[in-house]
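Q: The structure that follows is given in the form of structure tokens.
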């Protein structure tokens, strides 16, 4: 490489950004500077790289070299290779580096001085050169500030921005610039074993925390002498000059170290191995430039900074611009053997070459895919236009497809994959069908149902237990078991963060609020509500849907429910589930097994849709009057909550707080116009509405308010009738005068004043109407004669008569069991039973007869009553069918009372099933029977011992004032019923 002439010329062009080799950008502007350097010594020319970085507070000026090779320069194979690589046969670049090697420092300083002088003549006076002549010179810097570099080492000839957070270090750097000695040492930071290597935030934090010896131990020994180009805030831009090695620490804050300037090991420039390695590096660069525009920008930018390539700088250049990690780059920086450094750089560049090829392959594949989709779209649009012109395709078909696609687009990610696949297939099929074909309508309806369902749409549930409690109490009084279960459901959902569907069955007599509580539960949970009744349902298709092959096929009730509510987690009330029918179309109860099974309804299959639907989030609430009518497999899938009837106190609260307000509002009556006394309300409940529920009570209250409304209107009409007649006559007179008389204005004024007077009179008469009072004495005028009379027929219970407790679908009731003697005579003993009793109750009567004979024989061995008396046992009323085993103990007591001619206590009622050995078995309907006993003013009740737990669960107001005895053997009942005169009975009273 002979001497050649280098002409550095700054162009007056503007480039928007300046890109550093490590990805750092600054605003760029060039001015014009000419530097002519002639090196007669090839050695000195190859060791000189010129670089100028000029900056100000708002812009940066750069020297742009244009390399013109002289006659001798063509002989340089390295320079020729780079010229062919970049294709530069015109002026190059936008920037130039002034970097000095350890040798020829005087020549470098002279060149820098000339450049600064030229810059001052041709550029803006406010701008200043990044590198200015310094004293001491770079090689004189044996003590420097140690700056940690976090990510990659700084190579000679390259820029690097770093951020200095330590104010002491920043002040020291600014002081160095002011003293014309803007040099510092840039050393790569070693890895911290305790920190996360992937977290750059942790790395920056660790740098700011390191001080003194701790920082020195974390720095690599070999670094770069860097000139401080500019300082803006806490950002410092460094320019690499030459390699350094730390020898010892001078001071800790800021960290100052002594350094040695290290040189490359001597090498033979004519060595064939080094030449071959350098040419391979250049060849690799050429290949990379063909595949990566990013690398091409790096090469162009760096080449503009170089006065002359050398083998060491070629190795540094390759290692600096490639994507090697920090350790590999540091290894290249520390390597002083030029040949080894070139080999390391070559390995790194080969890896980058492979990465570039992979990147190109990925980019090509993506581009082909996008191009193919665009081409397919254009062809489809053209095909649609052609079909439209030919009349093959109608606009209706495209509009339908667009409508269906628009429906699913917002929730496309939530729709299950198998459903989305079916929709796509059906849309394709729709495009191929003729609009006049029957299959077209079937497909259109099918797509309509598929796309309208709320796939994955869930309403935001309420997990606030207090708010839910308030909502439930607002709508219903009592029903504590149901409310508690719903609050448990909400609490579990709040703890889990989500709620699952449940199947709850509310069983109880009519009118207790089973159906209406479902709507309140939905409001408390903030769920949509849907109700359908299955009473008398005999077609499985109502649950599972019809096959699409049938004419007029429709989905089942659940699919219709989801379409109606628009969410996938509604509350579904299945009413009258105990009244399911069964016909030739299948068994709906069996079809409900899949719907109400928590393990199966996550994949519920409707025959019409023929795709699975997730119903696991749906809360099912079923209602039934008698759970005995529900098939056992279906009942096993439900959580049963029994709702017994209301006692009188509860009915009074419900009537006052709910039913009266509703009836008054429906009839347009204000509270000031009507007053219903407590005695009247209590009489209405006891004598007219004795059933377990409150539906009949609601009807009676509405009946009262309707009659009151009629009475108020009649009184108001009678008072206003004359005024209305006068108004009509005056209207006719005014009309005539308005046409005939010119003085109609005065007449109209008289008419207005007359109308106002009439209105005032009507208001006075209306106010004068007395407030309607409803009390016990006039209640019959509104609701008629009492329907019920006292169930307690006898004030003093006669011999052979005992009060029993029964359960009915209407609630609890009391009934008497009567026994009398038909005929006496030796050997004529027998029992006749009447009262429309069922088979179970007839068997109970036979068992009672046997047990009674056994007890009488034990107490009075000489009494032959049962052997010589024909008895008749009757259970009134005869028109009411009766059945059940719980009347056994009552029948025994009735038979013994007649046999011993001793009446039972007048305030006693009992219930319980009896075995042949006299054991008392548990019964059902404890609350209903207790309510019936209170209604009949019974104070003493006998329950089986096994029902103690059921009685304890009752509310205190139900148990208040009752003397309850729990027995497990009939002997205790005998003592209670007949021993009240002989001795004081010692029993446990249950509140």
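Every residue gets a Cβ built from N, Cα and C, even glycine.
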Q: Looking at the candidate ranges 55-81, 82-108, 109-135, 136-162, report the one that TrEMBL labels region 'Disordered'.
A: 109-135
Q: Give me the count of other Cβ atoms within 10 A of the Cβ belonging to residue 886 (active site).
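A: Taking every protein chain into account, the count is 25.
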Q: Any idea what the Cα distance is from residue 515 (ATP binding site) over to residue 929 (active site), rounded to a whole Å?
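A: Rounded to a whole number, the Cα-Cα distance is 24 Å.
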Q: Relative to the Cβ position of residue 510 (ATP binding site), how many further Cβ atoms are located within 10 Å?
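A: Within a 10 Å radius of the Cβ of residue 510 (ATP binding site) lie 17 other Cβ atoms.
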Q: Kindly state the mean pLDDT of the domain 'Lon proteolytic' (796-980) in the predicted structure.
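A: Result for the domain 'Lon proteolytic' (796-980): average pLDDT 87.
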Q: I'd like the number of other C-beta atoms within 10 A of the C-beta of residue 929 (active site), please.
A: 28
Q: Would you mind reading off the Cα separation of residue 886 (active site) from residue 929 (active site), to the nearest angstrom?
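A: On Cα coordinates alone, these residues lie 11 Å apart.
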Q: If you measure residue 929 (active site) to residue 511 (ATP binding site) at Cα, how many Å is it?
A: 18
Q: Report, as a single number, how many Cβ atoms besides its own are within 10 Å of the Cβ of residue 509 (ATP binding site).
A: 23
